[in-house]
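Colleague: Please read through the structure below; I'll follow up with questions.
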Amino acid sequence: MTETTAATPKKKNSGFSLGHLLLEGRAFLALIAIIAVFSYYSPNYFTVSNFLIMSSQVAIYGILSIGMLLVILNGGIDLSVGSILALAGVCAGAMMQGITLDAAGVILYPPVWAVVVLTLCVGAAVGALNGVLIAIFKVPPFVATLGVMYVARGVALLMTNGLTYNNLRGKAEFGNTGFSWLGFNRLWGIPISVIVLATVAILAGLMLSRSAFGRWLYASGGNERAAELSGVPVRRVKIVVYTLSGMLSAVAGLVLASQLTSAGPTAGTTYELTAIAAVVIGGAALTGGRGNVRGTMLGAFVIGFLSAGLVIVGVSSYWQTVFTGAVIVLAVLMNSLQYGRGGRKS
Amino acid sequence: MTPENAPPATEPNAREVVLAARNVAKSYGSVHALKGVNFDIHRGQVTTLFGENGAGKSTLMKILSGVIQPSTGEIILDGQPVSFANANDARDRGISIIHQELSLAPNMSVRDNIFMGREIIGATGVDFAEEERQVRRLLTELEEDIDPLTPVEELRLGQQQIVEIARALSVDSRILIMDEPTSALSASEVEVLFKVIRDLTAKGVSIVYISHHLEEALTITDHAVVLRDGNMTAYAPRAEIDLEWIVRNMVGENYDLGSPPDSDQGEVALSIRNLSVPDPAGFKLVDRLSLDVRAGEIVCIYGLMGAGRTELLETCAGRLRASAGEIVLEGREVSSLSIAERIARGLALVPEDRQRDGLVQTMSVGQNLSLASIARFTKGFITQRGAEKRLIADTIREVTVKTSGGSAAIGSLSGGNQQKVVIGKILATRPRVIMLDEPSRGIDIGAKAEVFRLLAEGARQGLAVLYSTSEVSECLSIAHRIIVMHKGRITAEFDSTVTKEQIMAASGESVAA
């Protein structure tokens, strides 16, 4: 109130923009801080090889959180991503073991590319189920994806009877080798999983910023009624968004199964929460309509680099949980500060 | 400004004034909702506030009931200046308000709603029996046969309004403010309400009454106050006024919103045939209504709240489903099409509530403007930025939005400019028929004139325009034809030479007093 109108607009403006900058770039600054602190404590942290290892771990969360970002931008939530990840891994594992066709009396060994395509289809189908439940049958997203989370996990357990597929390498005589390429190989020295993450991120970023679909997504997340009256096919947008989230979960499931060369039905438990945390740390609003891929990527790296750093420094894993929780709450606090300010301004 | 604008306090023989406003003004940023109003409420009398939408009636009532604080000026209660901290503070001093929008919890019972926030506490928690007894007494007084344990959501809108009134009566107020209490009531319920009002005034309770239903209000009021654009334009006791006086002061003499453009009227662009729209309870919101609008023609639908205007327009736009009838756009039936398909064919709606249905607050001005037409300049996957920028710049210029540019936040615009963004968004889809539901709601008179100028310009270029309004002065502006709607039906049709009194007379039921 003291510096309302006269004389000081310039000063006020610059003060605001510095604070604004800190607030806007908070995820980036947090990442820098994390790297600086851990590099100080451990000589092994700030090395190219460590960054590449950490990044390939982040890739799993990163891919999941991009799907989660799309859903959250739409004003929803997807709790089923961790289960879809496990289901996708188990499906891929089952196909790698060979599909027994009793009627024909043969065992089919599909080539790896077919395994990948079919697994992505499974993920997309489960995602589409979420979308249809939410968009057509008006089940609240939280409930619909909670239910699908249980069902997908249960199906994965049933398929393997609770066991894990351990051998995903394939056999040369069946012509289905190469599954571990996703998890182990490098292109120009960069792990394939990181390249997959980067590709997904760039495509999603382009879709959000440059395609009509992206605009529809932001609009229906910001104000569904207004979007609908403007001719946005809000139901179709919803179904597509959950389908994409399911498909990206399957991508993450493939990458994880490939990294471990095994696929278990309990993989990815609570990953959905990590993905939500990454999106929130990245500045997206859980009410929908605000957020972007850049922020979400930063969020995923903040979480990944923080937990990896704590391991390297040798902090108890119980403390990791505490730290991660604190970071999430802090991020949401900053979000409400930012959007609260945005609302009061004008 | 006019001789009638003498401060009421100087009037001789005024009965005892219980509550008075002195030079009360209220601004929201650069918008002046009230510009220094003087206003008296007399003990045991009914004072009615007249004024069009946006004249400042509701703002004044919110100030008197403590919901908001005035920017300047003072409130005088029993001769002492007071300031209310909040609505509860005002209620404790005997002032209660019945809001136009119902503020009931639909999932809770009538009894719980009436005692919400001030439950009667007995020895073993809430004394439900005592509450129920009091509610029964109140409802008997109001001659309404409602069981106190019925959930509010199971009641008709009119009955809900009665519950709201019962709640206000239950606190033994000295001053009772009623903002459009009759808008959802049937004629017999209105009579009961008026009887209750007379009982209350006989007991010394003062009533402040707001209604768009002028004749109805005239039967009950003792004093009339007229507001226009945040100013008090007239004040007089009942004996000295009539309908014509109210309308003249409400609307003003030199109130020019343009005249019907001399456009060439072509083929019938939109034809509505025997359209019926049901509400969830099966009651007809629109009742076998037929209407044609020609290319280049501007048609105005006038009606009070609840006449079915919004439902008619939303059904044409595709948000609501009709139970019977046809909607024909340029010779083709469109009833089965989605909203998007109707927009693509050239039939689009500018909704009534621009915050809720018109704008996406999280997006910029430009993104809002291009939202409805973005598919047009998307080639394959990627939108063409150049084409979008051109469209945004053209639309901002065309509809004269005052903004720093397409990337400005939508919240930084004034109400009038926000409305122009919504209209611009629809115009950018190049419609053949544009429907506007209360396009002037909550915008100032300058912006109003600009919106109407835009519509007239559109009609000159062959656009068919159908707009609704609850303000008579807006019927007598650019419209070639004026349709009066009441309870889902067309009750009268006029050309542009009609008078305000004729329109008002056709719009509502007359209440036998």
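In case you wondered, yes, glycine gets a Cβ from its N, Cα and C as well.
Unlike curated entries, TrEMBL annotations are predicted automatically.
So TrEMBL lists these for the protein:
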TRANSMEM  A:21-41  transmembrane segment
TRANSMEM  A:53-73  transmembrane segment
TRANSMEM  A:85-107  transmembrane segment
TRANSMEM  A:113-136  transmembrane segment
TRANSMEM  A:148-168  transmembrane segment
TRANSMEM  A:188-208  transmembrane segment
TRANSMEM  A:239-257  transmembrane segment
TRANSMEM  A:269-286  transmembrane segment
TRANSMEM  A:298-316  transmembrane segment
TRANSMEM  A:322-340  transmembrane segment
Colleague: When only pairs 6 or more apart in sequence are counted, do the transmembrane segment (A:269-286) and the transmembrane segment (A:113-136) reach 3 or more Cβ pairs under 8 Å?
Modeller: no
Colleague: Go through A:21-41, A:113-136, A:188-208, A:298-316, A:322-340 and flag the stretch with the largest number of C-beta pairs under 8 Å relative to the transmembrane segment (A:239-257).
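Modeller: Per the Cβ count, the answer is A:113-136.
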Colleague: Counting Cβ pairs closer than 8 Å, which of A:21-41, A:53-73, A:85-107, A:148-168 has the most of them with the transmembrane segment (A:322-340)?
Modeller: A:21-41
Colleague: At least three Cβ pairs under 8 Å linking the transmembrane segment (A:21-41) and the transmembrane segment (A:298-316), pairs spaced 6 or more in sequence?
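Modeller: Since 3 or more Cβ pairs under 8 Å link them, the transmembrane segment (A:21-41) and the transmembrane segment (A:298-316) do come into contact.
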Colleague: How about long-range neighbours of the transmembrane segment (A:188-208): same chain, 6 or more residues beyond its ends, C-beta under 8 Å?
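Modeller: Result: 52, 55-56, 58-60, 62-63, 66, 69-70, 73, 181-182, 214, 217-218, 248, 251, 255, 258-259, 292-294, 297.
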Colleague: Are there residues at least six beyond either end of the transmembrane segment (A:113-136) with Cβ under 8 Å to its Cβ atoms? List them, or say none.
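Modeller: Contacts with the transmembrane segment (A:113-136): 76, 78, 80, 84, 87-88, 91-92, 95-96, 144-145, 147-148, 152, 176, 179, 234-236, 238-251, 253-254.
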Colleague: Near the transmembrane segment (A:53-73), which residues from the same chain, at least 6 beyond its ends, have a CB less than 8 A from one of its CBs?
Modeller: 81-82, 85, 141, 191, 193-194, 196-197, 200-201, 204, 208, 217-218, 221, 241-242, 244-249, 251-252, 255-256, 259, 271-272, 274-276, 278-279, 282, 284-286, 288-293, 296-297, 299-301, 303-305, 308
